[in-house]
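Down below is the structure, laid out as structure tokens.
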């Protein structure tokens with residue numbers, strides 16, 4: 001699925017299909033391996049000094065070589081000679097099947113900076129491409145520094161002749177990101193939207209500016225990975241002296257593979273993940289509306305979440321077990337943690353420990369939501385110490401604020417956390433950015449270098465709908481519980497202490513009918529005798545006493 005673009009004709013003689021292009025206009029083309037395309041631009045104006053040609057396809061990615069580029073988002077810079085008015089490029093696919101691609105050539109003048117003009121790292125002499133690598137955790141983009149523009153026929157400015165205002169060191173790099181529509185992996189959608197991220201003005205109009213780099217900064221940036229969500233990145237290099245700009249070649253990713261048979265872009269969630277979060281959602285939905293009434297079930301749910309989170313972090317950090325096994329062990333540990341929380345309340349009779357755990361669970365969700373906002377991308381929070389101190393302080397604020405009204409805290413926690421469990425289950429079947437409220441926290445705990453990644457996510461129609469569902473569930477659950485429990489005791493009576501008091505009452509109050517109930521041993525003996533009588537043979541009716549002589 002990978003197109004290849006050549007700056008000059010390949011050695012092998014082929015029959016080419018002529019593709020006439022116009023500067024600044026996109027053209028869709030079907031590429032194949034057997035019939036390459038010859039892309040030609042004619043009548044180039046004399047004030048144009050550089051033409052950047054780019055071609056985009058959806059899938060696959062390979063390295064570039066020599067004066068050619070191979071990949072899904074590739075481009076070449078053509079430095080025009082004096083009097084040159086025609087440019088030619090050659091396109092072909094590396095696979096036999098047809099590949100839908102879109103191509104464009106963009107002109108730049110002598111005062112415009114040249115993207116990739118000071119390349120010392122990649123294969124092309126002048127490399128305007130952005131190189132992208134991704135994992136399930138983060139996305140890494142890197143690019144070659146730009147050079148100052150110059151007239152036709154002149155020598156390019158030196159890349160290492162000082163760091164003053166007359167050198168390339170005055171250039172600035174604005175990094176932009178653009179999200180494709182959620183849950184749409186079609187080629188035509190990509191082809192239409194990548195056009196919005198190819199030229200300077202359209203990038204500024206449609207993209208989200210993430211950061212600005214100076215020449216002193218490293219030319220690489222990290223972002224959080226969003227598997228299954230299409231994202232386009234591009235960089236605008238700006239010359240503040242002439243107030244001119246030029247764009248690099250946009251690059252896109254879905255942070256997943258289209259070719260894999262299992263866990264590909266169309267089916268990202270594993271079966272184990274779906275089972276785990278679906279079961280958690282069922283319990284969470286019950287807790288959302290009935291958590292306070294069914295106190296022990298509420299404790300199991302909150303204890304499960306608290307224990308499962310920390311156990312999953314621990315087992316991932318210290319072992320190399322597979323994901324499915326780790327998730328299974330996490331579920332077992334969560335159940336044990338929930339039962340332990342119930343047992344601790346059963347024995348002690350105090351709700352303080354239980355409410356502290358419940359408050360921490362709600363506090364962690366609240367703090368994660370705060371850092372899910374653009375606040376989380378502030379540079380100060382890239383320091384792990386600052387981040388974790390701030391995060392912990394916000395999380396602990398919840399149980400501290402509600403220390404005097406534990407019933408309100410429990411109802412709020414069961415309503416909000418229980419309804420969010422439903423959202424996590426929905427995310428296993430339909431993409432939603434709301435899942436990253438907690439997923440980004442888990443990534444930061446598990447990965448030492450995740451702090452360098454920008455974590456903002458798209459918020460589109462699908463997310464607004466699911467956010468409305470979350471809000472409706474949470475408000476409904478909290479309202480129902482507050483109305484039902486307003487005339488009840490704050491918490492159910494402790495069963496162990498209730499049994500103990502009842503036993504003492506029976507042993508001292510002789511007027512209580514239950515005081516005269518026989519001991520358990522005697523009751524069991526009488527029951528056994530009654531059962532034995534049921535199997536005895538019935539005696540015949542009549543006189544049983546022998547006659548006296």
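Every residue, even glycine, has its Cβ placed from backbone N, Cα and C.
Unlike curated entries, TrEMBL annotations are predicted automatically.
Because the structure is a prediction, the values reported are computed rather than measured.
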Transmembrane segment per TrEMBL sits at which of 238-258, 385-405, 490-510?
385-405
From the ranges 206-226, 353-373, grab the one TrEMBL calls transmembrane segment.
353-373
Of 275-292, 527-544, the range TrEMBL tags as transmembrane segment is 275-292
Between the transmembrane segment (275-292) and the transmembrane segment (353-373), do 3 or more CB pairs sit under 8 angstroms, pairs being 6 or more residues apart?
no
Positions whose Cβ lies under 8 angstroms from the transmembrane segment (275-292), at least six residues beyond its ends
298, 300-301, 304, 327, 331, 407, 410-411, 413-415, 417-422, 424-428, 473-474, 476-477, 480-481, 485
How does the model score the domain 'TM7S3/TM198-like' (278-482) in terms of mean pLDDT?
92
Spatial neighbours of the transmembrane segment (299-319) not adjacent in sequence (6+ beyond its ends, CB under 8 Å) are 280, 283-284, 287, 291, 326-327, 329-331, 333-342, 345, 354, 357-358, 360-361, 364, 413-414, 417-418, 442, 445-446
